[in-house]
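Novice: If you scroll down you'll find the structure; I have some questions about it.
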Amino acid sequence: MSILPQIIFLIIFALAGYFLYKRVAYLKRNILLGKSESRNDQPEARWKTMLLVALGQQKMFKRLIPAILHIMIYVAFIVINLEVLEFVIDGLTGSHRIFAPYLGDLYGVAMNVFEVLAIAVLVSCIAFLIRRNVLRVPRLVKTELKGWPAMDANLILIIEIVLMVAILTMNATDQLLAARGIEGYVLLNGLFFSELIQPVFSGLSDTALVAIERFAWWFHIVGILAFAIYVTYSKHLHIFLAFPNTWYSNLKPKGEIENMPDVTKEVNMMLGIPVEGADEPPAEIARFGAKDINDLSWVNIMNAYSCTECGRCTAECPANITGKKLSPRKIMMDVRDRAEEVGKSIDQGGAGLEDGKSLLGDFITKEELNACTSCNACVEACPVNIDPLSIIIQMRRYVAMEESSTPAQWNAMFQNMETSFSPWKFAPTDRFNWADQLKNEELK
Amino acid sequence: MAEMATNGESPEILFWVGCAGSFDDRYKAVTQAFVKILNKVGISFAVLGPEEACTGDPARRAGNEFLFQMQAVANIQVMNGYEVKKVVTACPHCFNTIKNEYPALGGNYEVIHHSQFLQQLINDGKVVLKGGGEFKGKKITFHDSCYLGRANDVYEAPREVIKALDVELVEMKRCRSKGLCCGAGGAQMFKEPEPGNKDINVERTEEALATGAAAIAVGCPFCLTMMTDGVKNKEREHEVKVYDLAEMIAKDMGI
């Protein structure tokens, strides 16, 4: 028997591994364009969050129908990957269904389970395609999805359908060959779903069946490897990043906005409060707030790469619901797009961050930032704990403190607060007037 | 507070009135209602009066971190000077800022929203409700404020307070963690909304009116303004009233 297929498999497998490694290194570098931020406290709570939210899909169940369709694909993805292990061993050693003799009857049971899951994936993917393209669920057809994002979503669903059809075709032809007593094929105790499509192939010759079986096998395994690489270019990256993303969740109350210690130091010095290390010159002239991705935290950029553009955030956003330009999903897509632009530029020896563009202005406008009510609906809605509000606040800080270009009415509010310690223009001495009114009332 | 400190008294709680509670004509009524309840129950409390400054919440959310911290540090100095331990406020924005954001600047207090405080008073039997007041048996809906609900996971306390009034609490479709903002958070209270096709408070008010409630209960000065304006926009202000929780309790107590 020729070992050529094994050599080809080894080469494909090694190449896929190499490309994946390069892509992971690239993504890691892009994420680390963000500022460092330590989020390693409370490991117990972090594991728990990851198990519940990522592994357990807790937040998906706020919307029942997509949650059920999604969990079928998710379970299938995890379980069918066990079969991929067999594919790889078979590919490398030239064996065929290497686990079959070891598992005995259990092997047939496992294959039936895989087939049930393959059918579940088919059903879910078709349902998802219908939701996107026929029912046109509002959050799945918003303007920010026009072009590549919509194409990306449909491609993923179609690839998954094709991969599942390949598995079923492979099983159907393989079992036909086994039934005909061809050497090397293991007859299993009936595979429910693939037997249903056997009539399509039963009239073919042994040679044709072998060819189809082999083609389906190669198509499935090469397809999976190619898909793994494709995922790193796609919104579908959430299948891996959901885990670290939830582990590094913000565990503080959602209403709390991160303090800026640099500002505290200056404020304390202004107010004459003793400051530790006040004599040391500042290490570098820091920029207040975020203008570009390198001003954000690495967690913000990881959030962006974890986003699968489901739009639950945007569907819950009060600003978006009432027709404002802000869409939390677009904020995340913009951060990722800018990180991609900068990353590619750096790899090509280009200007990188110094390309004259920035996240603020070229991707996200002030109108979008100014529309946010900081209500945390987007944060609450995200199934993988992405925090668009953190990015919006950091960018507002840049606009307010570096550009001084907040809306005029906010400037007036700032001025009132500076002069009369209230956002409204009232005399601070009038703060207690309500009590006088109360006393007068009681006297009456 | 200054007066009590001079007399060597230390009150049980500091009632943080907030800017709306001090200056907004409508919300001053809420401040007065809450104070009447405190007096009736005999809680020893103090207010900072002219020594109180804005917590800085809208400045921080509009991006002006310097201004926020100037306000915050000044307030913390005052509160620490009086050795304040426990703060109660009727404003979820003040509540969130003092509770979650002041600790990083050296202000550590036990902070309670007035809905939680009222619930405690009711549970402890200190506030005894007649349950036969003007709200009895009527439909009331509660609008969750973002800074009480999602921001700090306080969903039940205000509902318990409303239920104690012997009313029929009806929920809007978007409630609790899915509650829709009134449109005022994130410093929106202090500027016109960005261009869009609808005002957020109108969207929310429509939802509240759809429940058929006779009154909309809120626990936040900004929500009170936004919902009241929303009801006016829908020209329903003669049938549907917007109340703060403290007002409803005070009314029921006949004070």
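Each Cβ is built from the backbone N, Cα and C atoms, and glycine gets one as well.
Predicted automatically and left uncurated, TrEMBL annotations should be read as such.
What TrEMBL records for A:6-21, A:67-89, A:109-130, A:151-170, A:215-233 is transmembrane segment. Among the features that TrEMBL reports, domain '4Fe-4S ferredoxin-type' is placed at A:298-329, A:362-392.
Give me the local environment of each listed feature.
Specialist: Long-range contacts of the transmembrane segment (A:109-130) within the same chain, counting only residues at least 6 positions beyond its ends with a Cβ under 8 Å from a Cβ of the stretch, are 69-70, 72-73, 75-77, 79-80, 82-83, 103, 154, 157-158, 160-161, 164-165, 167-168, 171, 188, 190-194.
Averaged across the domain '4Fe-4S ferredoxin-type' (A:298-329), pLDDT for the predicted model comes to 98.
The DSSP breakdown of the domain '4Fe-4S ferredoxin-type' (A:362-392) into helical (H, G, I), extended (E, B) and coil residues amounts to 16 helix, 1 strand, 14 coil.
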Novice: So what's near the transmembrane segment (A:151-170) in sequence-distant terms, Cβ-Cβ under 8 Å and 6+ beyond its ends?
Specialist: 73, 80, 83, 114-115, 118-119, 121-122, 125-126, 128-129, 132-133, 140, 145, 193-194, 197, 212-213, 216-217, 219-220, 223-224, 227, 230, 234-236, 309
Novice: What residues elsewhere in the chain lie close to the transmembrane segment (A:6-21), defined as a C-beta under 8 angstroms and at least 6 residues from its ends?
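Specialist: Contacts of the transmembrane segment (A:6-21) (Cβ under 8 Å, skipping residues fewer than 6 from its ends): 88, 91-94, 221-222, 225-226, 228-229, 232.
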Novice: Going along the chain, which residues at least six beyond the ends of the domain '4Fe-4S ferredoxin-type' (A:298-329) come within the CB cut-off of under 8 Å?
Specialist: 27, 30-37, 39, 62-63, 66, 138-140, 142, 144-145, 149, 153, 235-238, 241-242, 244-245, 248, 335-336, 339, 365, 367-369, 371-373, 375, 377-384, 386-391, 394
